[in-house]
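Features as listed in Swiss-Prot:
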type: BINDING; residues: LEU123, GLY127, HIS128, LEU129; note: (6S)-5,6,7,8-tetrahydrofolate binding site
type: MOD_RES; residues: LYS232; note: N6-(pyridoxal phosphate)lysine
type: SITE; residues: HIS231; note: site 'Plays an important role in substrate specificity'
Amino acid sequence: MTDDIRYQSLTELDPEVAAAITGELDRQRSTLEMIASENFVPRAVLQAQGSVFTNKYAEGYPGRRYYGGCENADIVEDLARNRAKEVFGAEFANVQPHAGAQANAAVLMALANPGDKIMGLSLAHGGHLTHGMHLNFSGKLYEVAAYEVEPDNFRLDMDKIREQALKEKPQVLIAGWSAYPRHQDFAAFRSIADEVDAKLWVDMAHFAGLVAAGLHPSPVPYADVVSTTVHKTLGGPRSGMILSKQEYAKKLNSAVFPGQQGGPLMHAIVAKAVAMKIAATEEFKDRQQRTLDGAQIIAERLTGADCKAAGVDVLTGGTDVHLVLVDLRNSQMDGQQAEDLLHEVGITVNRNAVPFDPRPPMVTSGLRIGTPALATRGFDAAGFTEVADIIATALAQGAGADTEQLRARVAKLAEQYPLYEGLEDWKLL
């Protein structure tokens, strides 16, 4: 142990914070993370994000910085941009957004003026806060027209969206979602945008990893601009990114800096570069396939006879993506109770509103269950089949579920598919 505070380990300097980190590691290892927007980053991403790039200020862009000493920052940002363009087949990439919300704010700043009309999927029907929710900047700065899913099948009707767009004439048409379990028709959105002379922006934050692996239709050929986070299915650091056609490059760069942000977080950008390298590998493609397969296994199990008898249903009857939306409107449980029940057995999910939900947002009538983190742990068909049965049994039995027995099954899965083996030897603490 040293008296020089600069060289003390975290455990030596701040044991309270170190204990919280150790506690979080134990939680992630011993439970099953099934929040659809969460994932586990590889060791190399952890190392990159904890590197000395934490120290570097680099306002501007490679070759045009407002600070000196940016030669290595330029290298890693160029790597991140070029790798992102290659992975997604895009003409332009900006990797500086701190998060998905900042990326989305920059997109709207580049494509619209305050007071212009934007049209995206309603938050209550699976859209995102930044697509026009009234308390969000997007709902305060822009006029909003929201489209919705159909009440009979909970899917989008592109003919009705076209009719609405012709009536509303938005300046920006938004595709993408945060809770919609089916593919969207990007070609149809492009056609509608062209017909009403709107820009098409696609937010692919949730399904970007599937797109990178070729397992989900890519919005890049159709959209004027595409935004994404780098975590979720991509499995990189928590951050944002923007892709577009080259004609929007200057506006988007200016919208990110100085429009929305000052200096970029270089430690996050170097981690994005690593994540984009991983996204081009065969291992990544295999992981995305297991992510998809796992979601479909869970959806199928949750449509079983025991779940139906308990009033548990799967929205749209299945899934095309990495998440399953569970409809509990006819169940004895609400979303909060179901989330708490699964938490008790060691499975972390989030309660989620369903379209036309009669319950308030903090309670909800649904669950959103995701598979990316388990796929990263190595879950295969057998593992997903077991966790699907645990979830279905818990939801079907409700308050009468044997939580102790179900938790034992979860613990066995956590041991069978270990997380961050040997992390204690990585000297992170």
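Using N, Cα and C of the backbone, Cβ positions are placed for all residues, glycine too.
Shown on the structure are the features that Swiss-Prot records.
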{"residue": "LEU123", "record": "(6S)-5,6,7,8-tetrahydrofolate binding site", "contacts (Cβ under 8 Å, 6+ apart)": "LEU129, HIS131, GLY132, MET133, ALA146"}
{"residue": "GLY127", "record": "(6S)-5,6,7,8-tetrahydrofolate binding site", "contacts (Cβ under 8 Å, 6+ apart)": "GLY120, LEU121, MET133, ALA146, ILE174, TRP177, SER178"}
{"residue": "HIS128", "record": "(6S)-5,6,7,8-tetrahydrofolate binding site", "contacts (Cβ under 8 Å, 6+ apart)": "ASN104, GLY120, GLY176, TRP177, SER178, ASP203, ALA205"}
{"residue": "HIS231", "record": "site 'Plays an important role in substrate specificity'", "contacts (Cβ under 8 Å, 6+ apart)": "SER37, GLU38, ASN39, VAL41, PRO237, ARG238, SER239"}
{"residue": "LYS232", "record": "N6-(pyridoxal phosphate)lysine", "contacts (Cβ under 8 Å, 6+ apart)": "ALA36, SER37, GLU38, ASN39, ALA205, HIS206, ALA208, GLY209, PRO372"}
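In the three-state DSSP reading, GLY127 ((6S)-5,6,7,8-tetrahydrofolate binding site) counts as coil.
Secondary structure from DSSP puts HIS231 (site 'Plays an important role in substrate specificity') in coil.
For the recorded (6S)-5,6,7,8-tetrahydrofolate site, residues LEU123, GLY127, HIS128, LEU129 set the reference point as the centre of their Cβ atoms, and the other residues of that chain within 8 Å of it by Cβ are GLY120, LEU121, SER122, GLY126, THR130, HIS131, GLY132, MET133, ASN136, SER178.
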